[in-house]
Amino acid sequence: MQQSTPYLSFRGIGKTFPGVKALTDISFDCYAGQVHALMGENGAGKSTLLKILSGNYAPTTGSVVINGQEMSFSDTTAALNAGVAIIYQELHLVPEMTVAENIYLGQLPHKGGIVNRSLLNYEAGLQLKHLGMDIDPDTPLKYLSIGQWQMVEIAKALARNAKIIAFDEPTSSLSAREIDNLFRVIRELRKEGRVILYVSHRMEEIFALSDAITVFKDGRYVRTFTDMQQVDHDALVQAMVGRDIGDIYGWQPRSYGEERLRLDAVKAPGVRTPISLAVRSGEIVGLFGLVGAGRSELMKGMFGGTQITAGQVYIDQQPIDIRKPSHAIAAGMMLCPEDRKAEGIIPVHSVRDNINISARRKHVLGGCVINNGWEENNADHHIRSLNIKTPGAEQLIMNLSGGNQQKAILGRWLSEEMKVILLDEPTRGIDVGAKHEIYNVIYALAAQGVAVLFASSDLPEVLGVADRIVVMREGEIAGELLHEQADERQALSLAMPKVSQAVA
């Protein structure tokens, strides 16, 4: 039940950076014993607000009110001492120190300048037990999993008696089991009467945890949903992006050209039976299937990431011998991989380098000198045309959001002579607004005659974007559906594993 008096209030919060107004007149309330979700596209202002709450930034206008008292934090330590803790996506812990040392860093119990390790480990053990964690407090942090690191960060907040705990995209690096454990802990913290702020683009998490949802757009407050029985996915999307859900996908019927890509009885590691399919010029074909269906494995084989063990790939009626990715690229077939951070981007290189790295070889001067003029113009062109949000082309790509990293990878392939593009989970980990931009790029590629084959486990996305849906099940094709005729029931029915009959 919502209390009459909020524990945390934002009153007219504004934040201006040189040339940029990040927040404008943000006002809303949060209550003790509730999980209050913050939603919005990248750049909507969620993280900026958390940094104001945590003392990283001072507001340009407005104030933060905690338990009826107007607060002004000079730094994060002041905020933490006032009971405010932020659990960021990138955890702020020291791997070489023990679990207990990390929990009580800055307030280690000591006497005469000597740390009382017995008391330290005892107190840390109590915090870990509170979270249901069976971890030896004397274990060096570096030996723990990311999920356990997160629990240590939460224990650190509890050790400082935090009454307000904010989570910023906390599940991005967690396994399903670790996510379940995190949700258990958050629900316990809610029962204890703490204010929980939760930032995520994953709507299934928002609906599973939240008692209220506040939506931001372009640095402004849009609305707060407090009746979770009356809010649904479509209403949230419309509040976040100002468009109906149908407009997010934006599919329209189009005409296709001749067959551009054909697989003839292709097998690859993880693909159980020979796969045969065709994609025409200008056609978008979606590959849908549950985990283990073989979608990613098929694409890796087609691109030369693994070896095709049988069958033949054809582009424009010509057989293509693909033994490594450079063979696929030379034939005009490009891949945006599922794991963009490990296989798509070069994290410690600039946006410019990541866009230009594939086509660079075609533009060198004298056969060996990088053509800086072409590289600068090409990168700037794709940054503008794809609306890549970055301070500049020299920004390290690892500092960009997932959506902007994906657009940079697309910019890389747009620099090549593309005939076929393979997209493996192209919008995973991307906010709704960036997804809309990715879909528009896909439609633009199709309009240029590119054959698009994209794999996704997001069924509404496949149904909303693809002209034709190929459903895979356990390494084989289970069936095909046309856009105008397909629905979720049909697609899921085809994707579900067959039930074996037990033999008596």
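Placed from the backbone N, Cα and C atoms, the Cβ positions cover glycine too.
The model shown is predicted, which means the values in this text are computed figures rather than measured ones.
Listed in Swiss-Prot for this protein:
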BINDING   G40, E41, N42, G43, A44, G45, K46, S47  ATP binding site
DOMAIN    8-243  domain 'ABC transporter 1'
DOMAIN    256-499  domain 'ABC transporter 2'
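Cβ environment of E41 (ATP binding site): K217, M240, V241, D431, V432, G433, A434 lie under 8 Å away, each six or more residues apart in the same chain.
Residue density at A44 (ATP binding site): 24 other Cβ atoms are found within 10 A of its Cβ, drawing on all protein chains shown. All chains included, 20 other C-beta atoms sit within 10 angstroms of the C-beta of G43 (ATP binding site).
Cβ environment of S47 (ATP binding site): D168, V199 lie under 8 Å away, each six or more residues apart in the same chain. For K46 (ATP binding site), the count of additional Cβ atoms within 10 Å of its Cβ stands at 26 [all protein chains shown].
Mean pLDDT for the domain 'ABC transporter 1' (8-243) in this predicted model: 89. For G45 (ATP binding site), the count of additional Cβ atoms within 10 Å of its Cβ stands at 24 [all protein chains shown].
On its own chain, G40 (ATP binding site) has K46, V215, F216, K217, V222, M240, D431 as residues at least 6 apart in sequence with a Cβ closer than 8 Å to its own Cβ. Secondary structure at S47 (ATP binding site), as computed by DSSP, is helix.
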